[in-house]
Structures are given as structure tokens and as C-alpha cells.
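Have a look at this one before I ask anything.
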Amino acid sequence: LLSPIPCSLTQPVTPELLVSPSSQDGDLGSEGPEDRGNWTGRLDFLLSCIGYCVGLGNVWRFPYRAYTNGGGAFLVPYFIMLAICGIPIFFMELSLGQFSSLGPLAVWKISPLFKGVGMGTILIVSLVAIYYNMIIAYVLFYLFASLTSDLPWQHCGNWWNTDLCLDHHVIKGGNTTFPVNTTNTVSPSEEYWSRYVLHIQGSSGIGHPGRIRWNLCLCLLLSWTIVYLCILKGVKSSGKVVYFTATFPYLILVMLLIRGVTLEGAWKGIRFYLTPQFDHLLSSKVWIEAALQIFYSLGVGFGGLLTFASYNTFHQNIYRDTFIVTLGNAITSILAGFAIFSVLGYMSQELGVPVNQVAKAGPGLAFVVYPQAMTMLPLSPFWSFLFFFMLLTLGLDSQFAFMETIVTAVTDEFPYYLRPKKASFSAVICIALFLMGLILTTEGGMYWLVLLDDYSAGFGLMVVVITTCLVVTRVYGMKRFCRDIHMMLGFKPGPYFRACWMVLSPATMMALLVYNIIKYQPSEYGSYRFPAWAEVLGILMGVLSCLMIPLGMVVAVLQEEGTLWERVQQASRPAMDWGPSLEENRTGMYVASLAGSQSPKPLMVHMRKYGGITSYENTAIEVDREMEEEEEEESM
């Protein structure tokens, strides 16, 4: 592993031969855009990545996916897909961001022809940010509802309950002299969620959303306010908040896990969760499910990783960080499965029903099943509060990443105008997304949330990631990309990474995309089937992010000169100012693109400035020598 670089080298120092006459007065900083800023602490970046990747999906999607796809046997395809798809794409995104110090839009200086990929990313992230914050609003609602001595979803008999409501305490108490028929009954927690929180009976469908639920609207406003205050100063403020939001969920998860495994019947649920069914491994569906879980859990393609890495110093060891975050994310998912299924095992024993009848995924687990399980425990409000506080912290740091991605992408495009006003611009974005999310606070808002969840980051996101992978390896060039990483980290990626980037990762994601299209199923929520126009609207959401790519190509080609083919060739080459953002890091082929550059190789200047050659400058000399040898071979 690389040792940390001295503080003196992390400050931008302009080599003497590169100082243009206009900058010698020392007032160049006033002419340039405001500094982007960097992480202020050593762990800011690592904790931000962990907080971004470890989100709600680890708690409410992974355990359910595992038990429906072979239990313990699911871990085999899960870790294989992590190695083929997760780790390589994760490392590629971090490398692009750190090398260029640019956001998801400006990073396409690497090949301006494909800038539409960045536009597609921003569109996807904006749609996800709208509904993701609504989920955080639901969590806040339940968090406040837990601040009571008696949980409101514990018993029937409230104004929102129907005749079908059956209190589990009735079954457990055994006060009735006849057997209770539980087939057509509904739990109090389910009616609390659908009839009180959502008030879904006030809407006849997605086309008639009904009135705004003002308590939900206020929760949504509060969640956007929290997010804005945390990203107010960019990574300087969010980088400090994640010290709490990225670590505290682990403390609560361990508490819930210890409480869960000590409950009667807990092992029934854990056995159900982990019993390996190896016959499932012969099914292609299990491998696809494993790849999808990796794909969405690590957050590749959303631009968050690239954005966070762009605030790193040039020589940060992202190779090490990649393995820490990706493996930590996988272990967290498995741990969450134990915490969830131990409680579900206890619940199934209490209700006298099989575990598979109480196990659910998504909002059904977080807002119906788990809250119901909490009512069966002593000190139920305390455990309920802890659970929802964990969900709040898990959700918030993912939302920070989405917002930082949008704000960074746009401010990097217009640094002179927007960087000095970053706080105001962030406020405008938050207000705009809050207003767009108001439809989710209506009585039929859940229908819109399901539509956004199903389509906003579906096949569009896969197209974005596949295109990124192909552009970096085929258009920009694998040899050149590996050379950039060598310049940055001091070593080249090994055959494992190169094989994954060139063949395995894009091929796997292509298979995922094809499978998703072939196995397409219309959206549904419970027994409600979405009308055709809603399906078309959802598909258009996905297609629109894909259409950004050809649209960006047209714009890039029109900005060039010459014949059509010449324009395409020029637009596909890296921009003149592509490369490391600080002059001291621009060596070899990148130094020629600096404004006012007089010397093609400033390494001697570096030696005179710094009093010797650092290990990174040794690397730069090696890269220069390699390039000279390649040029000689080509000329021969």
C-alpha cells in the first residue's frame, strides 16, 4: 500500500517554467474559477462511500433476495458477480473521478462525443432523488410515531381499522373458545400503513391521486431540509456528517441482531434464510438476481462514486478503498439478513404461521412486517425507534450522494458562475425536487413511487454503465487508461481488472439488460394493476436517459469542423485540457495541454522545486519512458 504523501506535495505548486507572464503578479486566482475544495479529513471519502453504498436495499432487499434464490447457496453467485461486475466497475468509476477531479458531466472531456452519458446519469439520479427522499419521509413519520408508550399500529379498534383487522394478541392470548380463522384477515400494522399513513383508500388509482396528505408533506419538507443543511458546504459539511450516519447504523444493527437471536424461534428464521438449496444455482434467474443486487447495492452508474472520488487528492489509494467498501457492503447485507430473519422467525412462531408467510421485501418489510414484529417485543417503542433511526441514517447518506452528484455535475460545467454560489444553487435544486415530489405525498402517491422505483433506474442505468465501460476501454483505450492509473497510484491494474473491463463486466451487464427486457413485467402494487398509459410513461422515463447519449453525440459533432467522419473522430478524442487538475500532477503527454506551457517535460523543474524525486515522480518518469518507447516502435 502507498504511504501518505507529505502535506507539502498536496498543495498546488506551479513549476517555474510553466508560469505565464500574466500569473507572476500572484493575482491569477481572482481570474480563475473558485477552488472545488477537497475532503478535509482522512476518513471522509471512505465513510462517504460506505454510507452511499450501504443503504436501504441492504436491509430490505438483500435478505429477501437471498431466501427466495437458494438461501445460503445464493452467496456463491453473489460473490462471483461481485468479483466480475461490482469491484471492477467500482474501481473504474473511482479512477475516472480521482484522475480528472471532475463531476459526472465534465468528466466526459475524456471523449466529448459521449457527454450524453453524463446527461443520462444526471437525469436518472434526479428521478431517484425525488422518490428516495419520500421513503426517508415515511421513515421520519414512523420515527415520530414511535415516540409513544403504545405503538399506534399495535391494536385494532382505531378509526382507520376495518372489520378485517385481527390483532395478533387475540391469537396469542387464546381467550377465544373457537379457533380463529386468519385467512382473510389483515394485521393492524398493515392497515396503519395503507389506510392511515398512505390513506390509499382515498385514491382510485395512479390517474386519481387524491388530496395531499399534509403530515407526509411536512415530513418530506423536513427530510429535504435535513439533506440541504448537510450538503450546504458540499463535501466539507457532508464529509463530517457521514462520520455519524455511516457508522451509527452498524451500532443499531448489532443491537437489533443481538436482540433478534436471543428471541424464541429466532433460529427458525435464520435457518430459513441460510439453508442452502444448491439446485437453485442451475437457474439463470438466480445469477441475474445476484448481479442485480450487486449492481444496485454498490450504486455504480449513479455518478456518486465518481463525484466523491473527484474530491480526493491525486494519489489517494482508491485501490485499497475499493476492496474495503465493496466487501464491507457485502458483509453488511449478510449481517442485516441475520437481524431481519431472526425477528421474522420469532414472529412466525408467535403467529403460528410459516416464515415464508411473514417474509416480505421493500416497503412491505420496513413499514408493515418489521413494525408488527416490534409490537411483540417488550419495550416495543424503543426497538421501533431504533429500527427507524437506523433506516433514517442509512437513507440519508445515500441521498447526500445523489444531491452532491447533481450539484457537482452542474457546478463543474459552469465553475465561474455557480461555484461561488454553490449553497444557493443547492437550495434551488432541493426546492425544485421537493416540489416535484409533492405528488408522492398524495393519497395515491405510493402508485407514483412504485412507478418511479420500477423505471427510473432500470434499463437506462444499465445502458449508461455499459456505454461508460466500452468508451473507456475501446474509445479512450485500455492501455491509456491503465497508464493514467499507473501515473496516479504508482502501479498498473493487473490482468484481473483488465479482463473484467474489456470482456467480463460489459458482457455480464449486456446479459442483464437483455434478461430485463425479455422478462419485462408490468408494474403492480398489491392487487392494483397499472393502466397502459402509466406503463408507457414509465418506459419513457427509462428511454429518455438512453436518448441523452445520441443527443449528446449530435451536439458534439455539430461543434466540430470538417467532414462527418472527421467530426466524429475529433469529438471522440480527449479534450485538450483532459487530465489531472493540478499542474504538478500533469506529466508526460498531459503537460503539453497546459496554458502557457513552455517545457514538454517539467520533471527537472519539479526536482529543483521539491529538492529530489518522489516515488510518484519516479512513476511519471517511467510513464514518459514507456511512451517514448511506444512512439519509437510506431515510427519504425
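Every residue gets a Cβ built from N, Cα and C, even glycine.
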From 361-381, 382-402, which range did TrEMBL mark with transmembrane segment?
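Spelled out, TrEMBL records transmembrane segment over residues 382-402, not the other listed ranges.
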Can you tell me which parts of the same chain pack against the transmembrane segment (455-476), counting only residues 6+ beyond its ends and a CB-CB cutoff under 8 A?
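Residues 89, 92-93, 96, 110-111, 113-114, 117, 120-121, 123-124, 127-128, 131, 295-296, 300-302, 501-502, 505-506, 509-510, 512-513, 516-517, 523, 538-539, 541-546, 549, 572, 574.
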Far apart in sequence but close in space: which same-chain residues, 6 or more away, have a Cβ under 8 Å from Ser297 (Na(+) binding site)?
Cys53, Gly55, Gly57, Asn58, Arg61, Phe62, Asn329, Ser333
Taking 10 A as the limit, how many CB atoms besides its own sit near the CB of Val54 (Na(+) binding site)?
28
Long-range neighbours only, meaning 6 or more apart in sequence with Cβ under 8 Å: which ones does Asp397 (Na(+) binding site) have?
Ser48, Gly51, Tyr52, Gly55, Val241, Val242, Thr245, Ala246
Would you confirm whether the transmembrane segment (496-518) and the transmembrane segment (382-402) meet the contact rule of 3 or more C-beta pairs below 8 angstroms, pairs 6 or more apart in sequence?
no
Is it true that the transmembrane segment (423-449) and the transmembrane segment (117-144) have 3 or more Cβ pairs under 8 Å, skipping pairs fewer than 6 apart in sequence?
yes
